[in-house]
Amino acid sequence: MYDFIANLRWRGMIHDITPGLEAQLQKEMITGYIGFDPTAPSLHVGNLATIMLLKHFQLAGHKPIAVVGGATGMIGDPSFKSTERKFLSEEELLHNQSCIMKQLKCFLDFSSSANTAELLNNIDWFKDFGFLRFLREVGKHISINYMMAKESVKRRLEDGISFTEFSYQLLQGYDFYYLYNTKGVKLQMGGADQWGNLTTGIELIRRKTGEEAFALTAPLITKADGTKFGKSEQGNIWLDSTMTSPYEFYQFWLNCTDEDACRLIKVFTLLSKEEIDNLIELHVQAPHQRILQKQIAKELTIRVHSETDYMQARKTSELLFGHATAEDLWELSEKDFKVIFKSIPEVHITLTQLTEAEHMLDLVASTGFGIMFNSKGEVRRAIQEGSLSVNKEKITDPLQKPNLKLLQDKYLLVQRGKKHHYLIKVS
């Protein structure tokens, strides 16, 4: 069993912590929880830092609980949001809860050990909780002044905040109180933007029971340039393979900058300090090998998806971005071709469009603009810059006749620059 707080400190995973928590953790095995609002049918990489808090908490011998916010998700957390969230239907919330629970099982141990993880849903204790009872049992213990002092509320006052969202901190505070009473939960964890909600729960427990509870938050992960972490050009990077393919997930981590990778490997892997220090030293000696990025991508792709998905994603990356030749493409079996390129964006043209195209500009235009290119001028510039190839053969003249052999008798593999690949399917 290792020291939970010391482990988080060297990993840079502590933003705020209440006094006394470290001593309490050394006294006994305690139970802690993190809440996840089911606002989408999948968690995304922005949630991973808090999921890793629960993982390290369990590895340190403590008991983790993940609470899916079936009740609080009907409102949406206003913490540091600029506008009020759109309400989801009950059916959407139930579907999202089910999906999220499956994903959490990839990280936490739900075996029968002493500190087995638990999954709970706060709709179970809120569904029969009437408004008058809520005012008596919760509202009377927390003053308006206390609630107004929260930074997350202050930021919304000028533009207006609804009573629904203003009351959110009371709901989350009651979650903590309920779990304290029924499960012996003494610790709530979350992202740095959750500090106000966490301390409301601590205050409610103190006022109703006179007992002490604790909170810990992890820093919100940002890139080295200060921008939000967890998004690509296409939007959020999801943990669900139908929303973000294993290949795209793998590529996201592989494309991290060296500066980001040095921080992220501490947050998102379970490697020891010695192992990480050794990898960083090797990476500094040969940064072009992207040792850190490959390690992060491997560990997370296997954990979130599977080892098979990782192997396929790696093989696809090597074929697309490595030193593969046109001959390597022709040698692929149809089965391997489908597996390797299943994540590549695909556009469709007819055989007639292919044969009647007089030059490469016509061929690309026949696919329709908006996916590969936005205009013929953009295609022409790419060719002039030497950044366009088809089936691993560089296109040098925008007016050359597209006398191209189809892969698997129906595909053309288009590469634009180093990172963008597309399939043209001919039927």
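Even glycines carry a Cβ here, placed using N, Cα and C.
For reference, Swiss-Prot has these:
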BINDING   Y33, Y168, Q172  L-tyrosine binding site
BINDING   K231  ATP binding site
DOMAIN    358-426  domain 'S4 RNA-binding'
MOTIF     38-47  motif ''HIGH' region'
MOTIF     228-232  motif ''KMSKS' region'
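Residues 68-70, 73, 76, 85, 88, 93, 95-97, 99-100, 103-104, 221, 228-230, 236-240, 243, 252 of the same chain lie 6+ residues outside the motif ''HIGH' region' (38-47) yet bring a C-beta within less than 8 angstroms of a C-beta in it. Just so you know, the Cβ of Q172 (L-tyrosine binding site) picks up 28 other Cβ atoms within 10 Å once every protein chain is counted. Taken residue by residue, the motif ''HIGH' region' (38-47) breaks down under DSSP into 3 helix, 1 strand, 6 coil.
With a 10 A radius on its CB, Y33 (L-tyrosine binding site) counts 24 other CB atoms from all the protein chains. Here the domain 'S4 RNA-binding' (358-426) has, by DSSP, the following mix of helix, strand and coil residues: 16 helix, 19 strand, 34 coil. Spanning the listed L-tyrosine site, residues Y33, Y168, Q172 have a farthest Cα to Cα distance of 18 Å. Mean pLDDT across the motif ''KMSKS' region' (228-232) comes to 73 in this model. In the structure as shown, the Cβ atom of Y168 (L-tyrosine binding site) sits within 10 Å of 23 other Cβ atoms.
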